[in-house]
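Features reported for this protein in TrEMBL:
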type: COMPBIAS; residues: 145-168; note: compositional bias 'Basic and acidic residues'
type: DOMAIN; residues: 12-148; note: domain 'PI31 proteasome regulator N-terminal'
type: DOMAIN; residues: 175-246; note: domain 'PI31 proteasome regulator C-terminal'
type: REGION; residues: 141-181; note: region 'Disordered'
type: REGION; residues: 216-269; note: region 'Disordered'
Amino acid sequence: MAGLEALHACARAALSRPQDALLCALHWELVRHGHRCLGAGEQPGPDEKESELLPAGWEVNKEVYTLRYKSVDNAHELLLKAIMVEDSMILNVMDCSSQKVADVTLAVADYINPENLHDFHKVYKNMEELRTRIASGIIAPLKTPTEKAKNEPETEKKDPDLSRDYDPLRIPPRQPAGMRAPPCPVNPFAVGGEDLDPFGGRSGGMIVDPLRSGFPQPGIDPSSGIPGRLPPGAVPPGARFDPFGPLGAGRSGPDPDHLPPPGYDDMFM
């Protein structure tokens, strides 16, 4: 605001209408965004110099203000026309190099107090809104794609693996992400080996395993025989064996007879 205050002080004598004060604010916003004024009118005059101040005769025509600007990097040369239509100011800015055009309409009463034209601390209001309107309606549309890319913040880099695996419709896996499934057995002929050793330390293979239900029991070798039931050697070593009766008093777990063979109750079987 310090620069606008100095500009207002220099142009105070020329401020006779509210739109004069609004044009001062517009001019200063262009200066803040890297532009310098070349002069008034559509045609260049002799001995023009780039300046942050308003040129002589800028306020002669109260209905149409015409000013020319040039960016400090010489990339843009702007032609500004501010036209008064009743109580509103229509801003039309054209970039002479790219032929881009930007338009903004401002209600003068929204930003200027007409009773205090010569008092800088009271003449302007809603300055943040005015700056936003000028930046979004004039400055941004006239920028080149390269300038827009420089002003845009860099987006955070995403993990390509996460973006590739993410699917909102996918059922989440049972195992935590990042964990691999257990490897396949090294020996392909070991598949089904659990069925040949129902009393060992391996798992599965039997529909009902009374030796593994309930509380743990000491291992039993059926090839050595079961007293009162099987003589030694009745069961070949390593053969699958399903006990046909309880192996001890008070043994917990399912009864092997819970799954009788088909036709078990058929008297003619």
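From the backbone N, Cα and C atoms, a Cβ is placed for every residue, glycine too.
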**Request:** Count the residues of the domain 'PI31 proteasome regulator N-terminal' (12-148) that DSSP assigns to helix (H, G, I), to strand (E, B) and to coil, and report the three numbers in that order.
**Result:** 45 helix, 41 strand, 51 coil
**Request:** Find the average pLDDT over the domain 'PI31 proteasome regulator N-terminal' (12-148) in the predicted model and report it.
**Result:** 91
